[in-house]
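What TrEMBL records for 25-48, 60-79, 91-120, 132-152, 197-226, 238-261, 273-292 is transmembrane segment. Here TrEMBL flags 41-290 as domain 'G-protein coupled receptors family 1 profile'.
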Amino acid sequence: EWSGNHSSVTMFVLRGLSDEKELQFILFPIFQGTYLVTLIWNLGLILLIRMDSQLHTPMYFFLSFLSFIDICYSSSISPRMLSDFLKDENMISFIACVIQYFVVAWMGLAECCLLAAMAYDRYVAIGSPLQYSAIMAPGLCGKMVTGVYVSGFLSSLSQTVSCFHLYYCGPNIIQHFFCDLPAIIPLSCSNPFISQVILLLATIFFVFGSLLVTLLSYGFIVASILKISSGKGSAKAFNTCASHLAAVTVFFGPALPVYMHSSSSQSMKQDKVLSVFYVILIPMLNPLIYSLRNKEIKGALKRVIKRTIY
């Protein structure tokens, strides 16, 4: 009998991206390459920011933590997914599933909040350039990053406890390639109402809240840009936040539909595709988005290479 906090299911089965073995062997080198590039680019960006003193500014301070989150985010899923491509049965223990979801949710929610903090930083830089150094002092930046991690941790903990405290009596096939709450809750044999409410509140507060702060910041940024008389000054102001705006779009675009609709067989297939974007591809693309047209990062890279050689 169920004692109130005991689950009879000790193992879950991850269905993965596809049941076709031929397709899995094709996907393995693709996702392995993606994961390696993610690690190299993000670690490289963190080291570059640490090594070059001219990048010791609030913007790059936040960017280094974004790269750290992307490394943790990708590493919590990709190694397991790659090993599952080579297995006949993709089994994951109950505890391992708990840990995986906790880390994924923590890093995902932290990234939402960090993108909002970075949007505020861009607003201060463009709206109040003379007071920027005083407002975005190192102490405030440190508190903002701490708040990002703590809020993500607490929200992830509440979601994980509420979901895995449910009774799982038999169905154990997760229609996904990692442990994700919308795919796990339907397997419960007890009433999942509280877990669903907590997931909805976290989505509204963190995802939509972060998106609202970001949109408001960009609304004020646009108003500040319109006040700039010179066309060159307006273009420069827009270029400073274009990369962040692109990162926000590619992150929230695929993530929102996954957590804002009811579960069904058709939606589960769509969720897998969308999850590949915001869990696998975006951690790889973020360093590229922020570095591709960034003269400061290109200059810092040249200086570091020059110091290393000479």
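Each Cβ is built from the backbone N, Cα and C atoms, and glycine gets one as well.
Same-chain neighbours of the transmembrane segment (91-120): 7, 9-14, 59, 62-63, 65-66, 69-70, 72-73, 76-77, 80, 144-145, 147-149, 151-153, 155-157, 159-160, 163-164, 168, 174, 178-181, 184, 202, 206-207, 209-211, 213-214, 217-218, 241, 244, 247-248, 251-252, 255, 278-279, counting only residues six or more beyond its ends whose CB sits under 8 Å from a CB of the stretch. Tertiary proximity for the transmembrane segment (132-152) is limited to same-chain residues at least six positions away from its ends with a CB under 8 Å from its CB atoms, namely 58, 61-62, 65, 105-110, 112-114, 117, 121, 124-125, 206.
A mean pLDDT of 89 is what the model gives for the domain 'G-protein coupled receptors family 1 profile' (41-290).
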